[in-house]
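Trainee: Here it is: the structure, laid out below.
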Amino acid sequence: NSAGKKKKKKKKKRGPKVQTDPPSVPICDLYPSGVFPIGQECEYPSLQDGRTAAWRTTNEEKRVLDKANEEMWSDFRQAAEAHRQVRQHVRSFIKPGMTMIDICERLENCSRKLIKENGLNAGLAFPTGCSLNNCAAHYTPNAGDPTVLQYDDVCKIDFGTHINGRIIDCAFTVTFNPKYDKLLEAVRDATNTGIKCAGIDVRLCDVGERIQEVMESYEVEIDGKTYQVKPIRNLNGHSIGQYRIHAGKTVPIVKGGEATRMEEGEVYAIETFGSTGKGVVHDDMECSHYMKNFDVGHVPIRLPRAKHLLNVINENFGTLAFCRRWLDRLGESKYLMALKNLCDLGIVDPYPPLCDTKGSYTAQFEHTILLRPTCKEVVSRGDDY
């Protein structure tokens, strides 16, 4: 079973590599055959009319179609294994008293190694979200942010990996105080419900309705006050495309969504957010997340600083999301005006932190699922969630 027999890898080492602690060995070196762990494979749910989808598992045509996309599924699986190992490491070191910057940098350094970062071919798919308490999404610290993680915080760790633009978007919530356990349970259950309901030809609105039913069935008591957990109605899951985190379809987490159906071959991020607040988020705080608009073609820019910054973005991130810290580490400075210019021109879109009411708590769980022709694969599933 030695790696030497395989022509794939340049490694001269004999015997299979094992992961270090802390993790530093790239996933592709741990699996030199290029066969990566498969996620949780599920039969598709029966549709409303009672027709079962079991036939897909063995149907010859569907199996051929499945095999034809094996390289793509493999890229997702490699990125997912990196995600699992990184998040396991994060759970081992994340503690109250650490700065948010330190948490994100440790996570990202580990992620860069395991994914074997290589330009636009492999790397981090978007900045590390570590949104706290009433803030549900899109917070990552900018340089100089003094925020320190507290014992009573509810922190959503949302990070992404990719191989060849095949993105794993997967998130979990970290708490230290057990008083939040029921809130987390509600949201984990809601996300798993969304995953169970998802499938080829399933209407997006039906997934949202089931998620809401489950989430709202939970009552949680925090500091002597009882809340019915609310889904955050203006946040949702989404289809994922190559180098495109939001590919156009949204998976609601409340009833009343679109009747559009999920289709064979699509990839979805199924995520739910539960809140003790209003169940609605608004833009708040300083922006850290940005992403090039996928549909904007070539725009000639005269301003030298903006032109330079766009070149940096194109070379390093393409259409993947990035944050200010990532511009800093590339040696960029005094770029805020140029970045604003690119935003004003519609070339880059800002994604500010999204927060519910002050004093509320929000939790999130998220997985990436592959709607393969033969089965549904929860590719980012782990022993943890």
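In case you wondered, yes, glycine gets a Cβ from its N, Cα and C as well.
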Trainee: Which of ASP158, ASP356 does TrEMBL put in the same divalent metal cation 1 site as ASP169, GLU366?
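Mentor: So, going by the record in TrEMBL, that would be ASP158.
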Trainee: Just to be sure I read the record right: ASP169, HIS238, GLU366 are listed as binding divalent metal cation 2 in TrEMBL. Which of GLU209, GLU264, GLU266, GLU271 is listed for the same site?
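Mentor: Answer, per TrEMBL (divalent metal cation 2 site with ASP169, HIS238, GLU366), from GLU209, GLU264, GLU266, GLU271: GLU271.
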Trainee: Quick one: give me the count of other CB atoms within 10 A of the CB of GLU271 (divalent metal cation 2 binding site).
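Mentor: The answer is 27 other Cβ atoms.
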Trainee: Which of these binding-site residues is closest to GLU271 (divalent metal cation 2 binding site) if you go by CA atoms: ASP158, ASP169, GLU366?
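Mentor: So, spelling it out, the nearest of the binding-site residues is GLU366.
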Trainee: Hey, how far is ASP158 (divalent metal cation 1 binding site) from HIS238 (divalent metal cation 2 binding site), Cα to Cα, in Å?
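Mentor: It is 15 Å, counting Cα to Cα.
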Trainee: Counting across all protein chains shown, how many other Cβ atoms sit within 10 Å of the Cβ of ASP169 (divalent metal cation 1 binding site)?
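Mentor: The Cβ of ASP169 (divalent metal cation 1 binding site) has 27 Cβ neighbours within 10 Å.
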